[in-house]
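Trainee: Straight out of TrEMBL:
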REGION    B:1-50  region 'Disordered'
DOMAIN    B:50-108  domain 'Chromo'
REGION    B:98-132  region 'Disordered'
COMPBIAS  B:106-132  compositional bias 'Basic and acidic residues'
DOMAIN    B:137-195  domain 'Chromo'
């Protein structure tokens, strides 16, 4: 075909549609056409999403679109039932595959219809057909997808006896069948503690761990890790200790893998295992996994950082010893950049971890100072989103509660007092209470230094006094009483209850308004 | 160590705010009212000095610091709040303050389970089979196009198959250009050059 515009062929040129038209007009026309095509495409794709055929007489796009119609689904399922209940192996496979396709399509897989057609019995039966791997595979896949629905759907699968059959399939020499069994069991375990424990009672853990070999493909290991994490998941009750002990060494192993999905799911498993009383945290710490967790905190992938940080956060919400173990593993050097992470959820969780470390003894508070966590903390108080600020406020209150006078002074010098005073206008009552608590703690430190007056001036200078006074009108009892208490104790003219002990330190006038900075340490 | 705290509205800010979420350790039931009258009666009758066994809690009321005390020889029913200045047990107070930092309801706060990020169940919906041109089928015609994935894709109907699937336009342009051209040609629409009036109307659609 000669489509050369510059052809000298007169016939072609005469009939050439652009003959005689100006370039700018042609361009405008092309643009208009473009818009037209885009609009048509947009309409078409909207229609497609709404499953309306834009051109009536098009052939069906795929079996998927063809069966959105309930009538068609019903017919298809009838066909499946007939095939699956017959004796012909080929038809059985066909039926199973057709069911699998229905159940794995994008929109509205007909889980309920498949169940109601009584197909689950046959599917579970097919799981045992070692002579026909294709059949096993299609049945396993179909059951996996049914089990991925609501609790009711999963219950149907379990009640048709799928669990022992799937556990047996874990040992299948066909890797894709074994993997499918892993997946199905993951869905069942994920339903809740009841089925999780039921699986454990059926011996799922040794069967799973037997497949954790160095030569297992990454895709397989991903599914395995995810299923293991679901077996660690859920409280009320927690998985029993013996099961956890069985799984932990393998989870630790997986935490050293290089694949990010595997790392992510392994971290989630650890986060579930550490989300409990201190005895649970101990079991995890004893594996020696802390350094690796800290390392994972520094990964780029959010899918890894999030559960690693959650695990660390859980650990430092434990005892002082457990917190110290985390600190010794280097967690304080990883936290500052997490407090500056672009994702606010990471900032929030990092602040939460800091708040729990700050709830520890003053030696641990000192480590917060040494490792440079105060400046990022104050940054979060000033600039974090509200949930993050809330955690940072807790950090300040815990710090001022357990810190020495010098440590409290240091925190004030970093700007924390001014920052929390600015947050007194928060709508969240609890946060306001926590801030008032912190202010009280800071005043207690000032008392010990005999610097209450200076602190009052500082608070007033940054507009804090106004805010506290305003809170005396707060609707919440606890808030206005606390605000009142502060005013009465420290800002009232009478100054009766001020037990000004003069434990003077070397530094004179540690607290003081900024215009006195030249003369005073503060 | 268990603490009793007084979360009643009468209390001012306590130093130990309640934890954010449920924890394994059960909270004590709402604080017991101090049985001041009884203690006063006893004091009047016997005029002994009472010995503090343990400091249990701390609060600030009207600017005054008070501590909840367990008295030696008395049960917990008789615990009372006493102003700081009345007390002469700095060791017990220090011990309390120290332990308070590590007690779950005192300092540490457990995680809020705000949606644990990871899905509990997963449906397997990828087709096991090869897709697109890898299926080795002959293109019949293109029946749709989309760029929602960021790349222009054609929905391809293959010869001898009911199952259409997506192929990248870049690939189709090379492997079956005529099929691509037919698709576009079928969808060309001609417009006369719109006047200003018509343009405005068009934009409103």
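Just so it is clear, glycine is given a Cβ too, placed from its N, Cα and C backbone atoms.
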Trainee: Going by DSSP assignments with H, G and I as helix and E and B as strand, what are the residue counts for the domain 'Chromo' (B:137-195)?
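Mentor: Summed over the domain 'Chromo' (B:137-195), the classes give 18 helix, 18 strand, 23 coil.
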Trainee: What is the pLDDT of the domain 'Chromo' (B:137-195) when averaged and given as a whole number?
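Mentor: That stretch averages a pLDDT of 90.
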Trainee: Just to be sure I understand, if DSSP states are collapsed into helix, strand and coil, how many residues of the domain 'Chromo' (B:50-108) fall in each?
Mentor: 19 helix, 22 strand, 18 coil
